[in-house]
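Residues annotated as active site, proton acceptor in Swiss-Prot: Glu392. Taken from Swiss-Prot, the feature FAD binding site covers 152-161, 185-187, Arg297, Gln308, 365-369, 394-396, and the record attributes it to similarity to another entry. Residues or ranges marked as substrate binding site by Swiss-Prot on the basis of similarity to another entry: Ser161, Asp269, Thr270, Gly271, Arg272, Gly393. Annotation source Swiss-Prot lists phosphothreonine at Thr27. The N6-acetyllysine feature in Swiss-Prot is assigned to Lys51, Lys72, Lys129, Lys208, Lys262, Lys306; the stated evidence is similarity to another entry. Taken from Swiss-Prot, the feature N6-succinyllysine applies to Lys51, Lys129, Lys262, Lys306, supported by similarity to another entry. As annotated by Swiss-Prot, transit peptide applies to 1-24.
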Amino acid sequence: MAATLLARACGLVRGAPWPWGWRRLHTVYQSVELPETHQMLRQTCRDFAEKELFPIAAQVDKEHRFPAAQVKKMGELGLMAMNVPEELSGAGLDYLAYSIAMEEISRGCASTGVIMSVNNSLYLGPILKFGTKEQKQQWVAPFTSGDKIGCFALSEPGNGSDAGAAATTARADGDSWVLSGTKAWITNAWEASAVVVFASTDRSLHNKGISAFLVPMPTPGLTLGKKEDKLGIRASSTANLIFEDRRIPKDSLLGEPGLGFKIAMQTLDTGRIGIASQALGIAQAALDCAVTYAENRSAFGAPLTKLQAIQFKLADMALALESARLLTWRAAMLKDNKKPFTKEAAMAKLAASEAATAITHQAMQILGGMGYVKEMPAERHYRDARITEIYEGTSEIQRLVVAGHLLKSYRS
């Protein structure tokens, strides 16, 4: 699969550039020399996003429509299982490759980016790390092709950031576990064929009593809530999962009883690299849009790009974007080298998400009234960016993580 993915780098045909929103990148990646394989991957993903995602992004956003055909094609390219070993039908690539691909896909369509991110890092990731050989065959291999996707159920209506306070319970009963409770804000909920769900097996132990389970979808005893009508990433479904005495086999347990909180936290570390990369893609798309518009729009007898006020905005946007990209790549490379990366992933996610929010804001400002209408992609980028500061750990949580590691390093 990895060989197929990289071979196609030279096979996709470039489309014509679009007038508002897609600019060829010439210097953005020159700050770090990427390996040739990663450069090929980047070009493959960029061409795919240009050809398959950018043209449909506005429509799927408007219709709240899951991009099923595009996700299937991404599966064929290996993008839905990038870090899965080839023996399990994955691409067998590293996390730097995953970050690069996530940015390019999200640059074309942020909704498609988060669909890809959840399947790769939140669903497949914990099963690869903590699952048995049998679980990997059952729950990983069928989810690599784009035909099936998974989701991740940690948050609840009464808790989001406090993951250890799960009200959902899993009760042992003979050869089964019985799940009861409601999970909230579940990305991919309506399209998913399986979920990694976290529930309390011993409430007296708080986070040490949380366990993780693998559950097929749809299934009796599991009801989907309504699709949330969201501000952004509207082509990706978000809904509650309601478990009503859902009975699952004992071998549905992922890892050991009480290991769920550790599984969740380690999974979110990797997920934050994915969301940081999604934010980079949104920010890059907004910068593309702003520069294209400013070069073609005249004021006071000259293009907007001749105005110092606009140049200052563009400089600040580029600075924030490239700084966040380097932090994100650093976190990915630390993970690839099996070094601690929790702090760096939090820094990357914080920097990239806040950069995306700021850059999309300034892009709208540069476009003026044209940035406020749906004929231009700037308003969609603005809407899509906001969630990156909330899901997979709010900006406030990221600051707590960074500060905790910083203070610990000074005290040691």
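Cβ from N, Cα, C; glycine included.
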Lys262 (N6-succinyllysine) and Thr270 (substrate binding site), distance between Cα atoms, whole Å: 13
Ser155 (FAD binding site) and Gly393 (substrate binding site), distance between Cα atoms, whole Å: 11
Between Lys208 (N6-acetyllysine) and Lys306 (N6-succinyllysine), the C-alpha gap once rounded to whole angstrom: 59
Candidate nearest Lys51 (N6-acetyllysine) in space, where candidates are the recorded positions Lys129, Lys306, Gln365 and distance is Cα-Cα: Gln365
Sparsest Cβ surroundings (other CB atoms within 10 Å) among the recorded positions Asp269, Glu392: Asp269
Thr187 (FAD binding site) - helix vs strand vs coil (DSSP): strand
For Gln365 (FAD binding site), nearby residues of its own chain (Cβ under 8 Å, 6 or more apart in sequence): Lys313, Gly371
